[in-house]
Amino acid sequence: MTKYIFVTGGVVSSIGKGIVAASLGRLLKNRGLKVTIQKFDPYINVDPGTMSPYQHGEVFVTDDGAETDLDLGHYERFIDINLNKYSNVTTGKIYSEVLRKERKGEYLGATVQVIPHITNEIKEKIMRAAKMTDADVIITEVGGTVGDIESLPFLEALRQMKADMGSDNVMYIHTTLIPYLKAAGEMKTKPTQHSVKELRSLGIQPNILVVRTELPVSQNTKNKLAQFCDVNPEAVIESRDVETLYSIPLALQAQNMDQIVCDHLKLDAPAADMTEWRALEEKVLNLKKKTKIALVGKYVELPDAYISVVEALKHAGFDFDSDIEIDWVDSQELTAENVAERIGSADGILVPGGFGDRGIEGKIEAIRFARENDVPFLGICLGMQMACVEFGRNVVGLEDAGSAETNPDVTNNIIDLMADQENIENLGGTLRLGLYPCKLKKGTKTAAAYGNEDVVQERHRHRYEFNNKYRQLFEENGLVFSGVSPDNRLVEIVEIPEKQFFVACQFHPELISRPNRPQRLIKGFVGAALANKESK
């Protein structure tokens, strides 16, 4: 029978629930258990696809095309599993489904209410995710903090799960903050006590407390929390600030958190073999080189908007024994006059995805600088589209080359709306989303980066594409289309072969990178950037 673990948060948001959940998932997986994981987001949006990156951060796309919370990226990278549309559930999705059923008459004339209809739908989403993956354990994180009005239906559903499934099959983990008051010289447990009190008032008694802290938590403090929160002292787990996130699973294991979970859920599983993970941590903490990458974006004020890109760069750096120094460059501030001064010291230049016309010309200037000065370059999604626009303007000679997304009236629309997108009115969930195949051209830098495979699979999130009526003209001027869809209709990857590394892709390679298995195109870019640095 599937076991259910629910992770909630208290005191403050952004406390690291997602990393705790992902780390526990890794520990249980390394015990030989089949693990899946999901995130509940209490906002009313159906998904984050139309939300501003400034409000939500990155939108993480799964293989099946779901636009999801960035925590799913942490889950996939830590546990090394591919998630799906059932792994991220929002209030908007729940209410949409309940209202759809009501309109179809599936409730047989009943008055539709939060309890039982909304809570039943929430529970159905939990059990469906577990059933689809045949998981031994499903971990469900609830976004926000206990006390938020938006999360009440989710917490009520979690409370009901214990009665539905039995106490031996359900476990509650509560993550909180223990602030340190320098003036008093002590840690304060009262916020955690009140958070647990609030959770218990909703009918949920946590089995484990994970306390976020800057400093070590004394045994006396743990005993105090155990007494007031009614948990065992050994179930008060310290989550101290660490140098790298990859230390957290090992820190939790050192405190027997995974064993406590297995004991409570009556899971007979061998101890987790974390040898490979420990070697990864050792490598990460002792990198000998440093590579500087200029990340030229329009949302750089909020690094979470590019979190998978940053993590994928780090993964690639691990393979070269190199730390990655990110130079965050606001594309709105780049001009032809200051671009050399601003990004001239970078070992490599990366232009990531985005939407809209703000900051576009700055991205184009960064790409021009990379091409003209042979600085290793990687363009992703919008970065690929702007690389084609820059090539059209400054190499092909189409001075008014542009994108129909940012200028619908442009004459030379190098980037145009995909044919199957022309009559779509709704913005949400209508992009080209999910995993698609890409056929590689032999003898290219792209093919070499992928180990000379014929076809690769990558995740996409876009509405516009390269306009094929310009393909021959661009090829005649030196741009190589090194990756296309199997039917040859969609340009997936372009490159300039005589450069050290000038590659741009329509898909999002960062979404499938893993700490022990870096995405190959990004690894090729980082390798070229490091070689560029060493040749200076």
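Positions of Cβ are set from backbone N, Cα and C atoms, glycine also.
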#### Entry: Listed co-binder of ATP (same site as SER14, ILE15, GLY16, LYS17, GLY18, ILE19, ARG240, ASP241, VAL242, source Swiss-Prot) among ASP71, ASP80, ASP304
ASP71
### Query
Taking Cα atoms as reference points, which of the binding-site residues GLY16, ASP241, GLN385, ARG463 is nearest to PRO191 (UTP binding site)?
GLY16
### Message
Among all protein chains shown, how many Cβ atoms are found within 10 Å of the Cβ of TYR54 (L-glutamine binding site), not counting that one?
### Response
11
### Task
Reduce the DSSP letter at THR192 (CTP binding site) to three states and note it down.
helix
### Message
Could you check which of the recorded positions SER13, ILE149, CYS381 is the closest Cα neighbour of TYR54 (L-glutamine binding site)?
### Response
SER13
### Query
Secondary structure at GLU141 (Mg(2+) binding site) (DSSP, helix/strand/coil)?
strand
